[in-house]
């Protein structure tokens, strides 16, 4: 289970012989009294409904006796085709009762996930677009096929998006707000920036793709894992009902401590046909300790600088699939105009945008997209980092 260990303090070990694991997140920032519960893979819809009815009764009984937690109860319900679960605010006794249900796989404390980008100076030269369509650094033009991602939908699972920004030309819509803050806008600027790189007319790679904003992080750039999982679930269902998951891309320029729940949700999205681009993280350390970057089925992206070196902040290691421009990237700013940001958060949308572009151009989908990106890329990155299996920088093959 990697960094996980059994809780041995206040929650105690569940005495039932077949009790589910109650995982601990010793190196993560946890949300007080908030948990994610994952059911076993063979849980039927009837089993899940029965468990929810039982949970409501049990939770009500426990809270009535103690009344120690405010606003408690289920918050999100997850229902992928092969993964069921939920999250909520529960007291310790309820968590121990949940773990005793033989249909529960594990219980995981909810943790804080954050963006992988930071604002730097404004008005620096833009270079990322030119770099991904030319074999050498220093070019000044972006060469691309006129199909430009048409027919593909990109899901920005982020801080929200200014869908009215002129660079989106009306191709961006608001989808879902899992933060539940009543603020359907991008108060951070992070999500608008990453989205501009993916689909913007001026700043973007897939200039004809559509974009759906899925807000899972607040205006401070952080949010609970439970909301991220809910955002993934919502995106998969929306894609399934609107053109199909095989014509959908998801970008996740975010991450936090290793989470089985988050990795399983990301894997479910890939299994159902979506392509997922994930930021490796900005801690100059092994990305294997971060989620969702450590999930093997996603395309995990490290950041490169303008001279084709690995960005000094970029994570590295066996989880890395590709590198993409991430230092000093110019893209859209909420309210209009542009700004510069750096981070693996800026690298991942280059991959997501190029994925949408290739899906429209070549008709590929899902896991085949990451493989195709590796084929088209150039072996350009210097100092890819310890244990990193690739030095490939993405390229569109010169259109």
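Cβ coordinates are placed from backbone N, Cα and C, and glycine is handled just like the others.
What Swiss-Prot says about this protein:
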SIGNAL    1-19  signal peptide
DOMAIN    34-115  domain 'Inhibitor I9'
DOMAIN    126-399  domain 'Peptidase S8'
ACT_SITE  158  active site, charge relay system
REGION    175-198  region 'Disordered'
ACT_SITE  190  active site, charge relay system
CARBOHYD  251  N-linked glycosylation site
COMPBIAS  282-294  compositional bias 'Polar residues'
REGION    282-312  region 'Disordered'
ACT_SITE  345  active site, charge relay system
Residue 190 (active site, charge relay system) and residue 345 (active site, charge relay system), Cα-Cα, nearest whole angstrom: 8
Helix, strand and coil counts within the region 'Disordered' (282-312) (DSSP): 3 helix, 11 strand, 17 coil
Cβ atoms near residue 345 (active site, charge relay system) (within 10 Å, other residues, all chains): 33
Structural state census, the region 'Disordered' (175-198) (DSSP three-state): 9 helix, 3 strand, 12 coil
Residue 190 (active site, charge relay system) versus residue 158 (active site, charge relay system) - Cα distance in angstrom: 7
Where the residue listed as 'N-linked glycosylation site' sits in the secondary structure, as DSSP reduces it to three classes: strand
Cβ contacts of the residue listed as 'N-linked glycosylation site' (under 8 Å, same chain, 6 or more positions away): 154, 155, 156, 157, 158, 194, 198, 276, 277, 348, 349, 352
Integer mean pLDDT for the domain 'Peptidase S8' (126-399): 96
Helix, strand and coil totals (DSSP H, G, I; E, B; other) for the domain 'Inhibitor I9' (34-115): 30 helix, 33 strand, 19 coil
